[in-house]
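Notes follow once the structure below has been shown.
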Amino acid sequence: MAGSGGLGGGAGDLQGAGTGQGTALRALRAPLALVVLLLSAYCLFALPGRCPPAARAPAPVPAPAEPPHTSLRLRAPGLPVASGPGRRRFPQALIVGVKKGGTRALLEFLRLHPDVRALGSEPHFFDRCYDRGLAWYRGLMPRTLDGQITMEKTPSYFVTQEAPRRIHGMSPDTKLIVVVRNPVTRAISDYAQTLSKTPGLPSFRALAFRHGLGPVDTAWSAVRIGLYAQHLDNWLRYFPLSHFLFVSGERLVSDPAGEVGRVQDFLGLKRVVTDKHFYFNATKGFPCLKKAQGSGRPRCLGKSKGRPHPRVPEAVVQRLQAFYRPFNRKFYQMTGQDFGWD
């Protein structure tokens, strides 16, 4: 009987313990669910490098019978323009770089041209979303008529190792536009953008030099992007130099019509976008587009364009200029252009 009583007491203890554990688990369930919800939201919205949601892309279109790439030349004068909404095509031209070089400005200026149709957002297909496939990528593109050029811009392509090979696989005839800027001012602008989104960031100097005092830290992306010659070496393994146009980010500000004119020539377009389309906004220190007929006001780029840069000590600037000088000179030799950064 004593044994029976002992077993009975043990069962009671287990039942009580089970009840206590169930209560504790129920008490933990709500905060655990909240943690999971918050982590899911963070992964969805905060983590970098995400592809555009597939649901936002139009349904993939079947491959056309003819080659997807049309000539960059304009249609002959007098020929009728194809009627209807047109077709989605792979881009014949890409703005592949560089970040904080002036790529958004160039794209907006080119969109004034009636024979240019450009995707407004950056699809990041050849760096982040390649596994979604070419049909998905083409489905993102705006519809174009025969004789119009499809374009997109994603500045990170220029510094992505796999991008040249992937773009060449899409079409070896792709025209490539690279907007470059003094790598020192580009790095400071890059830092300013990051600082605006991440208050409390270490100083520019602390990030640019190892331990703030040592050699230049090329592991920091703001520094590494400016090694233009190294990145171009990778691209020239797949495309000849004749497929590139290098646009000066500085001249895009001081002479937008001149630089956009060079781009129109490169694409085989008539020079439709000219100096009559621009005016200089002294407040922003940046060119803006004059208002179109029927429009209430001129168009300037977003408020982030022309944001003031943080003050960087002159000694830091000089050290970076000295670091970039040999890379700049090699880039001048490779492109046949002197951008005047030294």
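Just so you know, glycine gets a Cβ as well, placed from its N, Cα and C.
The 3'-phosphoadenylyl sulfate binding site annotation in Swiss-Prot covers LYS100, GLY101, GLY102, THR103, ARG104, ARG181, SER189, LYS305, GLY306, ARG307, PRO308, HIS309. Under the heading substrate binding site, Swiss-Prot lists GLU122, PRO123, HIS124, PHE125, PHE126, ASP127, ARG128, LYS153, THR154, PRO155, SER156, TRP220, SER221. As annotated by Swiss-Prot, disulfide bond applies to CYS288-CYS300. Look at Swiss-Prot and you will find ASN281 tagged as N-linked glycosylation site. The region 'Disordered' annotation in Swiss-Prot covers 56-75. Annotation comment: Swiss-Prot describes 1-31 as topological domain 'Cytoplasmic', evidence class sequence analysis. Swiss-Prot lists 50-342 with the feature topological domain 'Lumenal'. Sequence annotations record features per position, and here Swiss-Prot assigns transmembrane segment to 32-49 based on sequence analysis.
Averaged across the topological domain 'Cytoplasmic' (1-31), the predicted model reaches a pLDDT of 43.
Calculated from their C-alpha atoms, the gap between THR154 (substrate binding site) and ARG104 (3'-phosphoadenylyl sulfate binding site) amounts to 9 Å. In the three-state DSSP scheme, SER221 (substrate binding site) falls into the helix class. PRO308 (3'-phosphoadenylyl sulfate binding site) sits 15 Å from ASN281 (N-linked glycosylation site), counting Cα to Cα. Checked against LYS100 (3'-phosphoadenylyl sulfate binding site) by C-alpha proximity, the recorded positions GLU122, PHE126, SER156, CYS288, CYS300 yield SER156 as the nearest. Most Cβ neighbours within 10 Å among the disulfide-bonded residues CYS288, CYS300: this distinction goes to CYS288. Cα to Cα, GLY102 (3'-phosphoadenylyl sulfate binding site) and HIS124 (substrate binding site) are separated by 17 Å.
Ranking the binding-site residues ARG104, GLU122, PHE126, SER156 by Cα distance from CYS288 (disulfide bond) puts ARG104 first.
When the alpha carbons of ASN281 (N-linked glycosylation site) and SER221 (substrate binding site) are compared, the span between them is 30 angstrom. Same-chain residues at least 6 positions away in sequence with a Cβ under 8 Å from that of SER156 (substrate binding site) are, in sequence order, GLY97, LYS99, HIS124, ASP127.
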